[in-house]
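Database features (Swiss-Prot):
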BINDING   TYR15, PHE170, THR220  nicotinate binding site
BINDING   THR348  5-phospho-alpha-D-ribose 1-diphosphate binding site
MOD_RES   HIS223  phosphohistidine
Amino acid sequence: MSEPAVVSILDTDLYKLTMLQAVLEHYPDAQVSYKYTNRSPKMALNQEAYNWLREQIRGLRNLHLLPEEEQWLRKNCPYLKESFYEFMHEFEFDPENSISLNYDSETKDLSIFIHGLWKNTIFYEIPLLALVSESYFKFVDKDWSPEGQFEKAYEKGKRLIRAGCAFTDFGTRRRRDPHTQEIVLQGLMKAQEDFKGPGSFLGTSNVYFAAKYNLNVSGTVAHEWYMGIAAITQNYKQANRIASLKWVQTFGTSLLIALTDTFSTDVFLKSFTANSADDLANVFHGVRQDSGCAEEYIEKVVKHYKSIGVDPSTKVIVHSDALNVDRCIELYKYCEKCGIKSAFGIGTNLTSDFQKVSNPSEVSKPMNIVIKLFSAEGTKAVKISDDIMKNTGDRDAVIQAKHQLCLPIA
């Protein structure tokens, strides 16, 4: 067998751990499924890449939470409860029974379907996406080099810090390989060491690298949480509120950044109220913007906070949609002008930003791949988002959800 590319069960995003905690508390017996989609279909695996991917996925069964990893989590993630560790002591990946993996050697279509108990399958998404990306750039597109990645990351960090941006690495899922992500983090750490404010490198969403380099680990919540609850309850009008309340019940005053666009931000804000029984707008520290026009989003959120008597200057918008350094700086300035704090979760632009070796003036394009919740408790799951191109799920289920929410179908 080839060397494992994923060497730790913690080589994933923090929100997978926190969502597992919430699932254990609220939906321990829920059955779910997930589906892989390649939004860059011309970037397809060859047979060699698929063979390597299949072997790597099988190897996930060898990963377990190590004692030193548990020790680090207990110290640095106090919001994870004893029930989380009790579960993790027994947990192991079971790819043979949880994953349907198929590859058509003629069309080069790759199919990945994950199924099982939510608590047993929630950890697959991030390593599988990282492995698909790595397999493509290991065996199909080899016209790139890690040379210069440290310097590139250092320069990005310098510009962001000098501009006032507070930012985090969100790049695990679409990285070229783990080595690239590690080099990038080293470059960002060096920039943080060399340049003092007004911005700052806040750390990474990757738990393994946070532990390895003693970085802050950060994360919000994924669309998966809202999508799953909406499918389970079949109540799209109340899904955001139910999901938010259960999140608060689980974590209290920690990890309170709300993701607003699962069923559109307009729908979310209807249940994001203040001075009511829920008081969610006061309780949550801020919101995350992940689709649509960011400037319109900033204005909308600031206006909403003001309309319900919440001072927007006490809140933060975490931007995470297709960011690069220039875009972060633009949005930082726009948030500042509108009177709200900002932070940035930068993914692909950090861990898959390359030029072609054969023609350095040409970009080596990253893959655009996702794994999304497909169903929960037998009901199709959907994501509507603030961008029509980011709608996810069975078309009939999307139409049904939009009818419930009084959203335009087209």
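Glycine is no exception: its Cβ is also placed from the backbone N, Cα and C atoms.
Of all the recorded positions in the list TYR15, PHE170, THR220, HIS223, the shortest Cα-Cα distance to THR348 (5-phospho-alpha-D-ribose 1-diphosphate binding site) is found for PHE170.
The nicotinate site is defined by TYR15, PHE170, THR220, and by the 8 Å test on Cβ atoms against their centroid, the other residues of the chain that qualify are ASP13, LEU14, SER205, SER218, GLY219, VAL221, ALA222, ARG288, SER320, GLY345.
Put simply, the two farthest-apart Cα atoms among TYR15, PHE170, THR220, the recorded binders of nicotinate, are 11 Å from each other. In this structure, THR348 is the one among the binding-site residues THR220, THR348 with the smallest number of other Cβ atoms inside 10 Å of its Cβ.
Mapped onto three states, the DSSP output places TYR15 (nicotinate binding site) in helix. Using a 10 Å radius centred on the Cβ of TYR15 (nicotinate binding site) and all shown protein chains, the other Cβ atoms total 24.
Among the recorded positions PHE170, HIS223, the residue whose Cβ has the fewest other Cβ atoms within 10 Å is HIS223.
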